[in-house]
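Some features that TrEMBL has for this protein:
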type	residues	note
REGION	1-23	region 'Disordered'
COMPBIAS	8-17	compositional bias 'Basic and acidic residues'
TRANSMEM	52-71	transmembrane segment
DOMAIN	82-342	domain 'Fatty acid desaturase'
TRANSMEM	83-102	transmembrane segment
TRANSMEM	176-193	transmembrane segment
TRANSMEM	221-240	transmembrane segment
TRANSMEM	246-269	transmembrane segment
Amino acid sequence: MGAGGRSFEGKKSKSDVLQRVPHSKPPFTLGELKKVIPPHCFQRSIPQSFSYLVYDLTIAFLFFYIATNYFQNLPQPLSNLAWPLYWMCQGCILTGVWVIAHECGHHAFSNYQWLDDTVGLILHSALLVPYFSWKFSHRRHHSNTGSLDRDEVFVPKFKSEIRGFAKHLNNPPGRVIILLVQLTLGWPLYLLFNASGRHYERFACHYDPYSPIYLDSERTLILISDAGVLAVIYGLYCLVAARGLIWVLCVYGGPLLIVNGFLVLITYLQHTHPSLPHYDSTEWDWLRGALATADRDYGILNKVFHNITDTHVAHHLFSTMPHYHAMEATKAIKLILGNYYQFVGTPIFKAMWREVKECIYVEPDEGDQKKGVYWYKNKL
């Protein structure tokens, strides 16, 4: 899926030279891209949006019912295998639920902001995500994608910022450690400490209404987000008291760990590749920043994740478009985007390893220090 346009991962050229994404001002405008997309792609349907949510929640309930009613009857070896399988399957489905909440944050679920925020708050809180806190920081990410100064997530480091211990992790065992920490702790560390996010002059936390991430007018909604998460934590506490910690970890904790891992992985790979440019304040503009992203192929999981994986370029260009129209829109705009459309077809596990190995810091090309365009340099 997502084939066509520019593919970084076809057969290597004879010279095996990395083909970079164009970083000059595009020969088209956002308005011209919008004109080639069928108008119905921008229409949001409440029944259609809810149909995807009901489908996901139904599958999630079936997984929960099977796990809690039948796993206990399995012999020990099979039971030990069944629970990890449940975690993975349930985690994938709940990642789809997370994506629908993400749509709510972009006002892509319905034509009613209050409905989008209500659904988004409930779904994200259930997954221990502070809905409005994330919504506001994610909106700023979309407003500043590709900017070294103002982007909010996976902001690249300069070579001078790489600390000594990072050099000691630039080897196979070190990369395994980096990936394990990133996929298990990366999401909570981002929410709690803004890890891998934009640099602020003081402590930044998604749960703090006075965090520098937010405006004064947003602080009340940050508190509502916190209240939603605390309500779910209290519910989990009651479940632990009634059913035991192990039961809650097996039924809820395992799938949540998978969800958090996929959130980090999907976002990381969408914005990290040796061919993607990054810009300083002298060169950045919104359209080129939005185009400095990549569609990825997760196979059958593309559908499970509501195509957030392989329509990410279109999503950055038109973030209020519902996910169920994004594939059609992607096919339409690829004809105009040409080489500005970025599709990376590398198998995901291989891509994870390559990016953690090669995308360590950014630098301008030699002789281009004043041009404001930076690239991952691939080696320490």
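Cβ coordinates are placed from backbone N, Cα and C, and glycine is handled just like the others.
Stretch with the most C-beta contacts under 8 angstroms to the transmembrane segment (83-102), considering only 52-71, 176-193, 221-240, 246-269: 246-269. Counting Cβ pairs closer than 8 Å and at least 6 residues apart in sequence, the transmembrane segment (221-240) and the transmembrane segment (246-269) reach three or more and so form a contact.
Predicted-model confidence for the domain 'Fatty acid desaturase' (82-342) is 96, expressed as mean pLDDT.
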